[in-house]
Amino acid sequence: MKWGINMLNREIINALLDIKAVELRVDKENWFTWASGIKSPIYCDNRLTMSYPKIRKQIAEGFVKKINELYPNVDYIVGTATAGIPHAAWISDIMDLPMLYVRGSAKDHGKTNQIEGKFEKGKKVVVIEDLISTGKSSVLAAQALQEEGLEVLGVIAIFSYNLNKAKEKFDEAKIPFSTLTNYDVLLELAKETGLIGDKENQILIDWRNNL
């Protein structure tokens, strides 16, 4: 996976920093704890973007551009529950495509569906995520779609921490993935703007490289 830097990468990181969707804590005693149990100096809450029309539109247009470049033959846009659902809705509206969403697991009531929406087996889908950390939940969502007979062209997220274990999970599952922006761009801009210095930058690089 080549983590490219372009203007869209930078614009989205700037927007996430402006609305405090990304928070950095270089003091190890104050690090965040992810749901996976990983201790982290960074927390990215892309759900906040829903509350900012200009930013969510910019993100949706970024998704559409990437989908058109990578997967122009897509049939359905699929959001992951819950944070990927609104972005999938905005994307599918712009592209005039059907939308589905996929849960982390099947319901234990009603029709016990894991995938919601009407679909035909054999159709091509792109999965929309707000965030890729370890890649586990994204891969499980994509595999659930494959098990129902859908062809997963790839997973696209707003942001990735660029963790090696995420790349390994996607490679093992043979599922392509890409993002609108990523951890490397975040560190570059944080340093440029004085949000972090050389010492803090190295702490953040070492944390990522050691996972």
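Placed from the backbone N, Cα and C atoms, the Cβ positions cover glycine too.
Noted in Swiss-Prot for the protein shown:
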BINDING   ARG103, LYS107, HIS109, GLU129, ASP130, LEU131, ILE132, SER133, THR134, GLY135, LYS136, SER137  5-phospho-alpha-D-ribose 1-diphosphate binding site
BINDING   SER133  orotate binding site
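The number of other CB atoms found within 10 A of the CB of ASP130 (5-phospho-alpha-D-ribose 1-diphosphate binding site), across every protein chain shown, is 23.
DSSP classifies LYS136 (5-phospho-alpha-D-ribose 1-diphosphate binding site) as helix under the three-state reduction. It is THR134 that, of the binding-site residues ARG103, THR134, has its Cβ surrounded by the most other Cβ atoms within 10 Å. In sequence order, TRP34, SER36, ILE38, SER160, TYR161, LEU163, ALA166 are the residues of the chain that are 6 or more apart from SER133 (orotate binding site) and have a CB within less than 8 Å of its CB.
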